[in-house]
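A.B. asks: The structure follows.
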């Protein structure tokens, strides 16, 4: 009877040890299974989960606009006063709802090329008013004239056309006109052929962004969705002069197995460059663990603080010898127009820039850019891209509406908040297909290991106790 009991205890201990060993073996094997599955599904080729979502996002993406309504236009023109603004909005449009087009696979280089069609649909229920709401805003054409044509004689001619068209430094425009374009009366009088339609995002509807060429990740998953830099510079030549900043992904996804120490590079045509985000915090998004990556202040730092930004210092006078921070001069990729990009309300900008504008209230929560990335797949499940469009206004002795200005202004026109969040249905599907299976496998590994260890220890204790009692 004692022998049978001892044998049972020994058998139990052996079973426990086997379970523990199996659990221990299962852990690296499980990790290999996970890695193999993810590596297969994130490749950009027909039939994968990543390719389906890459061609056309299943997430609703909205772009909200806030317009800066100028309260004291005449004071600015006559006395060069501080510009007083009030933020109006949001005016919301649905964007990124069109599938990528002209998708071409190159098996020799493991790349895929495409263009991204653009369109915007107004969403009244998500807006504070209609597209026909009017505001007093900067006159984009008049403000740009002396910057584009610094010759004094040419400016005299432009001044006569500005006066004849009854234009001024400021104008009244509807939301729709300011965003998507209007025929400018001043430009319409210019006696030679030039574009006469002006708008902050003109042209946009029925146009396409690209051509882009990205790696599909088939030969190296660490490069999946990353822009082929050589082809990127060739296809997007008008951006490549900007510090060769055509690299990273489009921010919709990143190579899988994202570490907190990784810097995420992504390209944005809105700011004519690639930019980066760094780890900020762990978050829970609808039951899915994600890493929040944020755009650091250094991304908009002066060239003295961040040498990578030296290409964005174009005018040393305006930038105080490239010491101002918080704004990027992107005139090179805007046909020479004096466009400056910043974070909303000049968040993290030099006090000298924001000091010329009254009515701003920058804060991190509302005005910072972030990406919530699921670390195993590298998919971006939620994001907020926030940018402000500004125009440089310089004094001009030859243009009447500008001749009384005694300083340079970087005038905010509007800021945007482009957001997207995985839907509830998609989140459940993602948990079932990805995180759920991974968590289940991990749970099985832990249970087997834990139960095995407990059984082994328990049966060995019992066995030793039994042997001790028998000896006595």
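Every residue gets a Cβ built from N, Cα and C, even glycine.
Annotations per TrEMBL:
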| type | residues | note |
| --- | --- | --- |
| CROSSLNK | 469 | ubiquitin cross-link |
| CROSSLNK | 472 | ubiquitin cross-link |
| DISULFID | 243-311 | disulfide bond |
| DISULFID | 272-333 | disulfide bond |
| DISULFID | 313-322 | disulfide bond |
| SITE | 463 | site 'Critical for TLR4-TLR6 dimerization and signaling' |
| TRANSMEM | 7-27 | transmembrane segment |
| TRANSMEM | 440-466 | transmembrane segment |
A.B. asks: Within 10 angstroms of the C-beta of residue 272 (disulfide bond), what count of other C-beta atoms is obtained when all protein chains are considered?
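C.D. replies: For residue 272 (disulfide bond), the 10 Å Cβ neighbour count is 24.
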A.B. asks: Between the Cα atoms of residue 272 (disulfide bond) and residue 322 (disulfide bond), find the distance and write it as a whole number of Å.
C.D. replies: 19
A.B. asks: State the Cα to Cα distance, in Å, between residue 313 (disulfide bond) and residue 333 (disulfide bond), rounded to an integer.
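C.D. replies: Taking the Cα atoms only, residue 313 (disulfide bond) lies 13 Å from residue 333 (disulfide bond).
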A.B. asks: At a 10 Å cut-off from the C-beta of residue 322 (disulfide bond), count the other C-beta atoms across all protein chains.
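C.D. replies: Within a 10 Å radius of the Cβ of residue 322 (disulfide bond) lie 18 other Cβ atoms.
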A.B. asks: Write down the Cα-Cα distance for residue 311 (disulfide bond) and residue 322 (disulfide bond), rounded and given in Å.
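C.D. replies: About 10 Å separates the two Cα atoms.
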A.B. asks: Determine the Cβ neighbour count for residue 333 (disulfide bond): the number of other Cβ atoms within 10 Å of its Cβ.
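C.D. replies: I get 18 for this one.
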A.B. asks: Quick one: give me the count of other CB atoms within 10 A of the CB of residue 313 (disulfide bond).
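C.D. replies: Counting Cβ neighbours of residue 313 (disulfide bond) within 10 Å gives 19.
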A.B. asks: I'd like the number of other C-beta atoms within 10 A of the C-beta of residue 311 (disulfide bond), please.
C.D. replies: 18
